[in-house]
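Chemist: I have a structure I would like to understand better, so I am pasting it below and will then ask my questions one at a time.
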Amino acid sequence: MILMNNPGDKEVLRLLKQRMESVSQVEETVKEIIRRVKEEGDRALEEFLKRFEKHPVGIENLRVTEKEISEAQVEEEFVETIKIVIEDLKEFHRRQEERSFFFTTKGGSFLGEMVVPLESVGIYVPGGKVPYFSTLLMCAVPAIVAGVERIAVTTPPNENGGISPYILKTCEILGLKEIYRMGGAHAVAALTYGTETVKPVDKIVGPGGVFVTLAKKHVYGDVGIDSIAGPSEIAIVTDGSADLDLIAADFLSQAEHDENAMSVVITTSKEVFEKLPQVIERHLEALPEERRKTARISTENFGTIILTDSLKRAFEISNLIAPEHLEVLVENPFEPLGHIKNAGSVFLGKYTCESVGDYGAGPNHVLPTFRSARFSSGLRVSDFTKKIFITHLSEEDFRRKSELYSKMARWEGFEAHARAIDVRREKL
């Protein structure tokens, strides 16, 4: 664990750079995987399926059958819970819907902006170790609200080559039938470029580990992506009024996700700074073995506690980190809202642990990481739509404005543009 007493911006940025460098070590491998899947299709994909998946998957059983989906067995309570959460998520995401608009100018021209859903989207659902059905919900619900026609789901198989029944049942409830058992960079490449078996999509959304995050970064431009949603992050700003057990529990809630996850506590309390490491250790020991192992590595490498002399400085550091998740555990959690500039999602007060955001409080949990919250946002309905401009110029407006447009074209040096306008003026 890293302890920092009143660090400057350079020290904080150095810490963040170290984490990014640890991730970028696999970048060349990712590029090679993408290149080969793009050029060789199924042949390369099958090789990577056998090399990287926990259970070797052949091309012939890459896609999950409808029979497998319908036969997925889960508790009835799970089904009822998922249905409740879907409605809660829809209630929030419907408020994000953007409307087309059209209007007529004084001269009779018809102008507007048409909001159109994307035709196809690929959802990457992390898997293998645990069934991230919550991520499936967070990605699929806004896509459904937006009206996306084709939604493909890809998730790594477990050690038996199967997909978690919780994932399959969630797909069935959502009405999703196109499901692939593949993960990693090769899954991203297959959805981007297509293969003989996998049909390409227009956009890929969903978080993943290092390989997935870097793969999405490299295919962007050939396909749309949501954001750089990689290994999890949390920053907790506290003035010392919060219970140490709450802080420690929330710290580890992200550390258990991934060995490259980053948990940071920024506090104005010397007591928190000095005592929290021991409390975190106690909570760490209480975790199941596999989660404890992951959380310990993450905590040792990237777990950080920072002491500052004021809440103002605490939020300056938080804005510098631009965390995926930001918890505000202070006496009056609404008061500092004006200081928050960079964060994927903000959780206010002692009852709003980040975990409730993971499982359906309303806002999406697919969020920007690696400081990309400085310029991007969490997944939302508009990520699944595009805007198409509509123009119909009336004869009156053309007569009145065409000479101006013709002159502008010539000032820019585009004679053919000007002539396209002039030839119409000559025929009036």
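Every residue, even glycine, has its Cβ placed from backbone N, Cα and C.
So Swiss-Prot says this about it:
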| type | residues | note |
| --- | --- | --- |
| ACT_SITE | GLU324 | active site, proton acceptor |
| ACT_SITE | HIS325 | active site, proton acceptor |
| BINDING | SER232, GLN254, HIS257, HIS325, ASP358, GLU412, HIS417 | substrate binding site |
| BINDING | GLN254, HIS257, ASP358, HIS417 | Zn(2+) binding site |
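Walk me through where these features lie, including what they touch and how far apart they are.
Modeler: In sequence order, ALA229, SER232, GLU233, ILE234, ALA343, GLY344, SER345, LEU367, PRO368, THR369, ALA373 are the residues near GLU324 (active site, proton acceptor), counting only same-chain partners six or more apart with C-beta under 8 A.
DSSP assigns HIS325 (active site, proton acceptor) to a strand. Spatially close to HIS325 (active site, proton acceptor) yet at least six residues away along the chain are SER232, GLU233, ILE234, ALA235, GLN254, ALA343, GLY344, SER345, PHE347, GLU354, GLY357, LEU367, judged by Cβ distances under 8 angstroms.
Under the three-state DSSP scheme, HIS257 (substrate binding site) falls in the coil class. Residues within less than 8 Å, Cβ to Cβ, of HIS257 (substrate binding site) and separated from it by at least 6 positions along the same chain comprise PRO231, SER232, THR294, SER298.
For the recorded site, HIS417 (substrate binding site), the DSSP three-state label reads helix. The number of other CB atoms found within 10 A of the CB of HIS417 (substrate binding site), across every protein chain shown, is 15.
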Chemist: On a count of neighbouring CB atoms within 10 A, which of the binding-site residues SER232, GLN254 is highest?
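Modeler: Within the set of binding-site residues, the most crowded position is GLN254.
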Chemist: Please report the number of other Cβ atoms within 10 Å of the Cβ of GLU412 (substrate binding site).
Modeler: 10
Chemist: Let's check the environment of ASP358 (substrate binding site): how many other CB atoms sit within 10 Å of its CB?
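Modeler: Result for ASP358 (substrate binding site): 19 neighbouring Cβ atoms inside 10 Å.
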